[in-house]
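Beneath this line is the structure, given in structure tokens, with notes to follow.
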Amino acid sequence: MTNTIYNKNIISISDLSRSELELIVATANELKQNPRPELLKNKVVASCFFEASTRTRLSFETAVQRLGGSIIGFPDGGNTSLGKKGETLADSVQVISSYCDAFFIRHNQEGAARLASEFSSVPVINGGDGSNQHPTQTLLDLFSIYETQGTLEKLQVAFVGDLKYGRTVHSLTQALSLFDCEFHFVAPKALLMPDYIIDELKEKGCKYTLHETLDEIMDSLDILYMTRVQKERFDETEYQHLKSSFILTANMLKGVKDNLKILHPLPRVDEITTDVDSTPYAYYFQQAKNGVYARQALLTLVLTNEFGDL
């Protein structure tokens, strides 16, 4: 397979075709089984976080280092010239991109990564832009699903919780729609999946259902994707009302399919109780670990032609 990801901006999961997603998953699997600590030797990658992050930033920087690359950047954009001196994002990107071979950005404003790609002289990878897209999270989700199910095809997938602002569920739904999966959206009315995602599913002829409880679909699921209500996107009164809308307990897992796996982009608050952690269905910590391999795969394919023949 030709590596069409080489030197490409990765802003939205919709920037990637089905074959490209399959190539990334295959590359992640190869790098997990056979580490390659020299692939990014002499490559410099900028890691620029204008919004708080733990797992995304650390797994991305770990991915660069384990491939032999070097990192420049910052974990808090508030302490940069953009944050302190009023420099524009466009100017910051033009300067920083002149120092590196790839530019990884997280920002709290929707569209910031796309804007960065217009001014960057090197490929831009979106690490999350507001409530819009989070494509690298989607890649580790796809890898985790493939790893546990042996396929991405024709799966029964439920998304639960904050589907309105949860950028991870937007991106993953778009990706899995390329693999003929059936979707079940479980959310309170205030947090329903955005209309544009539903419209895309309709256009593609994908099956989906809407629910306010998990009970009626639990026994049919292959993947249960839980999300937290994102406190940073609500005022305190609304957050307190919504935060406990859906809580998964171990008792709710009676009668589920043997192959069911529970995923969560983390951090969790109280939407998955700790008694679920010890069940054979919990996979969210392994999922987080897979972030390193998925981001290694993406970096390798964007910056080299090493795995184009997988």
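From the backbone N, Cα and C atoms, a Cβ is placed for every residue, glycine too.
The DSSP secondary structure for Leu266 (carbamoyl phosphate binding site) is coil. Leu266 (carbamoyl phosphate binding site) is surrounded by 19 other CB atoms, counting those within 10 A of its CB over all protein chains shown. According to Swiss-Prot, the feature carbamoyl phosphate binding site maps to Arg55, Thr56, Arg106, His134, Gln137, Leu266, Pro267, an assignment based on sequence analysis.
Here Swiss-Prot flags Lys85, Arg167, Arg228 as L-aspartate binding site, drawing on sequence analysis. Cβ-based neighbour count (10 Å, all protein chains) for Arg228 (L-aspartate binding site) stands at 19.
Cβ environment of Gln137 (carbamoyl phosphate binding site): Thr56, Gly128, Arg167, Thr168, Ser171, Leu172, Pro265, Gly291 lie under 8 Å away, each six or more residues apart in the same chain. Within 8 A of the CB centroid of the carbamoyl phosphate site residues Arg55, Thr56, Arg106, His134, Gln137, Leu266, Pro267, the other residues of that chain are Ser53, Thr54, Gly128, Thr168, Pro265, Gly291.
Rounded to a whole number, the distance between the Cα atoms of Arg228 (L-aspartate binding site) and Pro267 (carbamoyl phosphate binding site) is 8 Å. On a Cα basis, Arg228 (L-aspartate binding site) lies 8 Å away from Leu266 (carbamoyl phosphate binding site). Distance between Cα atoms for Arg106 (carbamoyl phosphate binding site) and Arg228 (L-aspartate binding site): 19 Å, as a whole number. It is Pro267, among the binding-site residues Thr56, Arg106, His134, Pro267, whose Cβ has the fewest other Cβ atoms within 10 Å in the structure shown.
Ranking the binding-site residues Arg55, Arg167 by the number of CB atoms within 10 A of their own CB puts Arg167 at the top.
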